[in-house]
Amino acid sequence: MTSQVEELKAKANAAFSSGKNDEAISLYSQAIALDDKNHVLYSNRSAAYAKSNKYEEALQDAEKCISVKPDFVKGYSRKGAALSFLKRFDEAITVYEEGLKIDPSNQQLLTDLETARKDASGPSAGGLNFFSDPQFLTQLMTNPRARELLKDPETAMLMKMMQQNPNNPSLLSNPKIMKLLGIVLGFELGDENDLSSKMETENGGNSPKKESNTSASKPTTSKPNEQPKAAATEKNTAESEKEKGNEAYKKKDFETALNHYNKATELDPVNMTYYTNRAAVYFEQKQWDACVKECEKAIEVGRENKADYKLIAKAYARIGNVKTQEKDYEAAVKFYNHSLSEHRNPEILQKKQEIEKIFKEQEQLAYINPEIAEEEKNKGNEFFQKANYPTALKHYTEAIKRNPNDAKLYSNRAACYTKLMEFRLAMKDSEEGIRLDPNFIKCYLRKGHALLAMKDLGQAMATFGKALEIDPNCQEAIEGYRQCSLKSTDDPEEVRKRATNDPEIQQILGDPGMRLILEQMQNEPQALRDHLRNPAIAQKIQKLIDAGIIGIRQG
């Protein structure tokens, strides 16, 4: 199996190096299926997920890597990187600091920590770090004009330098870098110079100054001023329509609200808020598909127009709410995660955790199958009879997952734990079996034997006593009770402990008359015969004898 794992890992590494991230992830996953304790595999797959922009999955693998091998420094590097991509910079800083406690001189962690601190403190402290932003890089690589510019080796080299040192003033002022920024961010830096140069070329480079001024003055007398005014008017009107829509929404007049939001969208189609407002109306009307469609459109518009991450997070959260209403909890968790990756809202985090709990319970219920549980129990019994207790334990555990309300299964696994000397786990399973079926005597016996092995003789005796209440003729319970009695007689400390825990014995020992009788019996052993003639006293003395508090010498 080891050679197979290594072979898969080597193939995955080669695929990753070639940029075939999906293939690498698949191969790493196959290797993990064969060796789920290999921390390096989780680390490598985390890197592949991150390269595929699947940052939540990258984070999960990094956390698994650390849990498998807490002193593996690269695991902290992977986790910090995933958190940084998710813009959870404060958490990333904490992770890098934890890694540095293990290896204080690790240069990679030190560099990543410094970057995370700059990112956490915002643009004013960290400078323009667009070229390290995954969203900016995606837009850069999907923009045809930007891709064309990057074919120039010098531009590509400058971009790489910007990623390494985003605060270098000479790089920031470089025309080629400014051109790239302008294209992706939606404004053309240096356009006026380009336009001036173009006009000089068309006029032979020596046009009269007066003609140039005249030709330039015509378009600036009306159009440049009129267009911003018209746009501002439309935006103001759109906001007015939105406010009217909000008033109608508060009154639950949803159709009127929708009409106003529609007008706002027509006037200002690049404002994603109007789409999310329409989605809110559809949500109230329980038009789930329409709500999701509007949220998706809002996210698309928001991405294109550099909307605030909080607004995009809100749209994702609303889709999560729809999926919750549809009881598609797996999808709900997915969209809540998307929302949290944009903005970490505590309310959304709580919602996600609640839904995850419901989803887990659903998975457990869906997994229940009493027939398969019976098959697993029988397999467990076979291995138990062969004294192969670890394998028997595995089958009993699977049986419990398939039928968690069967007390017999807990009893069987408790017996297995006892054989493996895991007495506390045996006791825990026995108690769960008793909770499920208070009259199932085997669970009391399992618990009694576990307590006896742990030398808790008082509790063991009480447990065997409970078993005898269910079946007074149970030989295993009688023998267990007898063993506790014999061992407790040899252990004075245990005798005192049991006396402290037994209210009836405390009452007898606290009776002044009985204390006087006991003192007399100690000084004059022959007085015992006289006291035993009194039935009430004889019963109390017998109780103390049975509990091992006093002993009777033969002779």
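Quick reminder: no glycine exception, Cβ is built from N, Cα and C everywhere.
Residues or ranges marked as compositional bias 'Basic and acidic residues' by TrEMBL: 236-248.
Under the heading domain 'STI1', TrEMBL lists 143-181 (among others).
Taken from TrEMBL, the feature domain 'STI1' covers 502-541 (among others).
For 194-248, the entry in TrEMBL reads region 'Disordered'.
Marked as repeat 'TPR' by TrEMBL: 39-72 (among others). Within the chain carrying the repeat 'TPR' (39-72), a Cβ under 8 angstroms from the stretch's Cβ atoms is held by residues 5, 9, 12-13, 16, 21-22, 24-25, 28-29, 31-32, 78-79, 81-83, 85-86, 102, 134, 138, 337, 341, all 6 or more beyond its ends.
Each residue in the repeat 'TPR' (73-106) gets a DSSP state, and the totals come to 27 helix, 0 strand, 7 coil. Annotation source TrEMBL lists repeat 'TPR' at 73-106 (among others).
Within the chain, the repeat 'TPR' (238-271) has long-range Cβ neighbours (under 8 A, six or more residues past its boundaries) at 277-278, 280-281, 284-285, 301, 304-305. TrEMBL lists 238-271 (among others) with the feature repeat 'TPR'.
When pLDDT values are averaged over the repeat 'TPR' (313-346), the model yields 92. The feature repeat 'TPR' is assigned by TrEMBL to 313-346 (among others).
Distant neighbours of the repeat 'TPR' (373-406): 364, 367, 412-413, 415-417, 419-420, 436; these residues of the same chain sit at least 6 beyond its ends, with a Cβ under 8 Å from one of its Cβ atoms. Residues annotated as repeat 'TPR' in TrEMBL: 373-406 (among others).
Annotation source TrEMBL lists repeat 'TPR' at 407-440 (among others). Taking DSSP states H, G and I as helix and E and B as strand, the repeat 'TPR' (407-440) has 27 helix, 0 strand, 7 coil.
The repeat 'TPR' feature in TrEMBL is assigned to 441-474 (among others). Note on the repeat 'TPR' (441-474): residues 407-408, 410-411, 414-415, 417-418, 421, 423-424, 426-427, 429-431, 433-434, 480-481, 483-485, 487-488, 491, 494, 497-498, 501-502 of its chain, located 6 or more positions outside it, place their CB under 8 angstroms from a CB of the stretch.
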Residues from the same chain, set at least six apart from the ends of the repeat 'TPR' (313-346), whose C-beta lies under 8 A from its own: 55-56, 86-88, 272, 275-276, 279-280, 283, 286, 288, 291-292, 295-296, 298-299, 302, 352, 355-356, 358-359, 362
Composition by DSSP (helix, strand, coil) of residues within the repeat 'TPR' (313-346): 28 helix, 0 strand, 6 coil
